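Asker: Below: one structure in structure tokens.
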Amino acid sequence: MAGAENWPGQQLELDEDEASCCRWGAQHAGARELAALYSPGKRLQEWCSVILCFSLIAHNLVHLLLLARWEDTPLVILGVVAGALIADFLSGLVHWGADTWGSVELPIVGKAFIRPFREHHIDPTAITRHDFIETNGDNCLVTLLPLLNMAYKFRTHSPEALEQLYPWECFVFCLIIFGTFTNQIHKWSHTYFGLPRWVTLLQDWHVILPRKHHRIHHVSPHETYFCITTGWLNYPLEKIGFWRRLEDLIQGLTGEKPRADDMKWAQKIK
């Protein structure tokens, strides 16, 4: 089994009694409670999502390969790069939203989708103990609709129409692939031993999120470097204060404090 790092980021500013009781990692009271909320129903949803998603990926990939033409190569390369960039931004937007707003107590989305983000900040190594289904189930669910739409086009459009759409569909497919594997890439960024050589090379070349790069996010209060697909956009977004400005705007409009629920779980001691 691949090894993982064992660091929590900087300690939160708790009073002395709380700090003495609080333990980071799997033994943290909040981490144990959040892990216990992972239900059989959630597991079933993940299994169904993964099976459907990868079936559609295989179907669509075969059709894209059959339609491939050399003259489309420049546009396909451009689409691959654009897909990776947009997937990185979307990963940051979702990550920032789930980290910063909402609550585990929210109906439906709380336990199903926000819970893993709260657990991850308390126990960053938990993701390395998740199997392929738990790691990728939610992302597979999100990409089902665009995959179904693409499959529908391949089944209903004429070959001539598909040739015209080919560069666009390659862009969409690349965006879907990066989106589907974002949490797997995220898991690899927390795994420090036993990764396949090809994964570490992609990390070293910064094709996917590097391990050291992602550690910046895991410094409490987890308010920066949210993009977790390639990580390409983290520095420029931080440089212009994108997330901070967005948080200030939302707080000004709603009065809600960023990361209030995240901090509540981090401070839980029993």
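Just so it is clear, glycine is given a Cβ too, placed from its N, Cα and C backbone atoms.
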Asker: Can you identify, from 156-160, 186-190, the stretch that Swiss-Prot calls motif 'Histidine box-1'?
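Answerer: From Swiss-Prot, the annotated motif 'Histidine box-1' range turns out to be 186-190.
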Asker: Please compare the recorded sites H120, H217, H218 by how many other CB atoms fall within 10 Å of each one's CB, and tell me which has the fewest.
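Answerer: It is H218 that, of the recorded sites H120, H217, H218, has the fewest other Cβ atoms within 10 Å.
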Asker: Can you give the mean pLDDT for the motif 'Histidine box-1' (186-190), rounded to a whole number?
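Answerer: That stretch averages a pLDDT of 97.
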Asker: For the motif 'Histidine box-1' (186-190), what does DSSP give as the number of helix, strand and coil residues?
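Answerer: Counting residues per DSSP class in the motif 'Histidine box-1' (186-190), I get 4 helix, 0 strand, 1 coil.
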Asker: Counting across all protein chains shown, how many other Cβ atoms sit within 10 Å of the Cβ of H95 (site 'Essential for catalytic activity')?
Answerer: 23
Asker: Among the recorded sites H95, H120, H214, H217, H218, whose Cα is within 10 A of the Cα of H186 (site 'Essential for catalytic activity')?
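Answerer: The recorded sites passing the 10 Å Cα test are H214.
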